[in-house]
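Written out below as structure tokens is the structure these notes cover.
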């Protein structure tokens, strides 16, 4: 969920902040002051295939030459900063690097498929860091809880995720062939997150590289810890004010769920009814105890629980015992554990 706004909105997200500021600044400079350098950032597929200008796979897929794409992608990076906080900068940068490299291959493949099936000849694609941004919709869809904010006409639900999907749709419709980048990014995100392909073990940022960037760039782009109060600036536009109010409402909904869960736990004697959460696991566990012939070899080892994830759950107000039990029962999945703790 999106809980931080204002100048401190990039707390524990220095990579997201650097991407937003640096890429946006370069895009604006190329558009307003250095138009004669734009030719070096064109994503020209014909030049890549015929003239072997491989460097265009880097320059053409980094900086947007259209300010509309720059604006939409910057807003999406701002909203997706939640993943850097959740996974850490190294894992987040590994996801961006992996999907960026995979999408380069899928871009060329999809262009050839479009030419073979539809007879469309595509010589260039929209420039910019777009495919990794679309790839982030994969974990956004699968791991961010959906919380209803209101309803329109009694049938259409407005959730905490609606604005992000609208921004993605706006970016998708901003260019003629940007759908290729979107499809390439989504396929790359699915492949990178796949537990079968194990791509994340190959395409990742080495630890020593992450340490170098943490020593050099993190002090420059780090942000202070946000305060509890969220103020809306007088100079902010209507859209920014609406986004900040939605984020504040999102935070209030989560805190109300936590408070309701606490009251229910107090009424039940301070412990969560884990039989409601994971009845199959508990049932099998009790069945093993009823059998007086347990096999030591058949007993699986207890799941190792990350202390960092325990600390995150405790920061939300859960006890250490409940956090440990939820993480063990959910196979150390922080999202599943959080959802169950909030809903039961």
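From the backbone N, Cα and C atoms, a Cβ is placed for every residue, glycine too.
Restricting the average to the domain 'UBA' (304-344) gives a pLDDT of 76. Sequence annotations record features per position, and here TrEMBL assigns domain 'UBA' to 304-344.
If you look up TrEMBL, you'll see 15-34 (among others) marked as transmembrane segment.
Long-range Cβ contacts of the transmembrane segment (95-118) within its own chain (Cβ-Cβ under 8 Å, at least 6 residues beyond either end) map to 15, 45, 48-49, 57, 61, 83, 87, 125, 129, 131-132, 135-136, 139, 180-181, 183-185, 187-189, 191-192, 199-200, 203-205. The transmembrane segment annotation in TrEMBL covers 95-118 (among others).
Listed by sequence, the residues of this chain that lie at least six past the ends of the transmembrane segment (124-142) yet keep a Cβ under 8 A from its Cβ atoms are 19, 23, 27, 41-46, 60-66, 69-70, 73, 76-77, 80, 83, 95-96, 99-100, 103-104, 106-107, 111, 161, 164, 168, 171, 174-175, 177-178, 180-182, 184-186, 188-190, 192-193. The transmembrane segment annotation in TrEMBL covers 124-142 (among others).
Residues or ranges marked as transmembrane segment in TrEMBL: 163-187 (among others).
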- Helix, strand and coil residues within the domain 'UBA' (304-344) as assigned by DSSP: 29 helix, 0 strand, 12 coil
